[in-house]
Amino acid sequence: MVRSLAHWTKTLSFPARISPNKSSKESVLNVHHHPISPTVTPTPSNNSLSQPACIKNNEINNMMNNAPLPAINDVAQIYPDPESEKAIMSSVVYCIHHKEGCKWSDELRKLKIYPDPESEKAIMSSVVYCIHHKEGCKWSDELRKLKAHLNTCKHDAIPCTSHCGAQIPRVLMEDHLKYTCPQRRARCEFCNKEFTGHTLENHIGNCGYEPTYCENKCGMKIQRRHLSQHKAGECSKRLLGCRYCSKEFVADTLAAHHIKCGRVPVACPNRCDTNLLAREELDIHLKDHCTVSVMNCSFKDAGCRFKGPRYSMEKHLEENCQQHLTLMCNVVTKQQHQKTFRGELPTASNTDVQRSH
């Protein structure tokens, strides 16, 4: 919020320098001739603070004709009110050389406030009190620093014009009414509904039309009103239970789990009559239970060369019982010959010797 020079010098008071050779009325600062040094500690004069004065209309003419400026210590209030300021600054003035024939005329506001840079420097270097010194503000410094001080002066506050109850510095009133006043009217940028400032603060963070990132960190930005639906049925990072093993997995990894899950039902590769069975049980099924699985005869080691599906094995054993017995006898005979050859069985002569003893 920008405050004009006229605004922040209202009720402006300057500390008087008391001279031991002059009375307090005589120790008046004439800015045009004797600017106060900023190093001097300001001492307020009772007379200078108790009798505020206003610029009169005839003083404007004096200023335009380069007349000495009125003592700034006596000017406690430059403009008594905004209407007076507007009226004065809108006054039409003539050029100071109009008597010499210059025909120019225009509003006072379009003239320079200071006649020359040196005068401006002298005036702005004057040491002044805060305009709220009567309310207790102890600040005093150069006039050029007054505007910055008023941005933080705790005494430069007025009640909020929207009647929210807050005391706001004048320089911050515009921002307060626009951004922070509980009674301000504001529109939600997401749903375009209008709220008071207080209800808007509660509405923000709960607006169903506000885009927000998914809490599962899937990277999607969803309107808050659709967030629950997204998390339940669309989010790639939602947890899903495997329907076969009942364990939970992140949605985008579930397909990879199904490829390896031991409880996923699969069909027998031999296309037997068995229904679907769990993948982890397939090996046992093929080895011990599949009726179509090709297997060797149980007398393979004895020499039977039969190989066929499991369902035909029982019939083979029944029909070839005699053959299997013959094969087993041959195996026994063969084993006995091997033992004899190795000297493990006693010969006939050895048997006779043992009997004689």
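Cβ from N, Cα, C; glycine included.
TrEMBL does not curate its annotations; it predicts them automatically.
Residues or ranges marked as domain 'TRAF-type' by TrEMBL: 148-201, 203-254, 256-314. According to TrEMBL, the zinc finger annotation covers 148-201, 203-254, 256-314.
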Write out how many residues of the domain 'TRAF-type' (148-201) are helix, how many strand and how many coil, based on DSSP.
19 helix, 12 strand, 23 coil
Residue counts (helix, strand, coil, in that order) that DSSP gives for the domain 'TRAF-type' (256-314):
21 helix, 10 strand, 28 coil
List the helix, strand and coil residue totals of the zinc finger (203-254) as derived from DSSP.
15 helix, 12 strand, 25 coil
Model confidence over the zinc finger (148-201) (mean pLDDT, whole number):
84
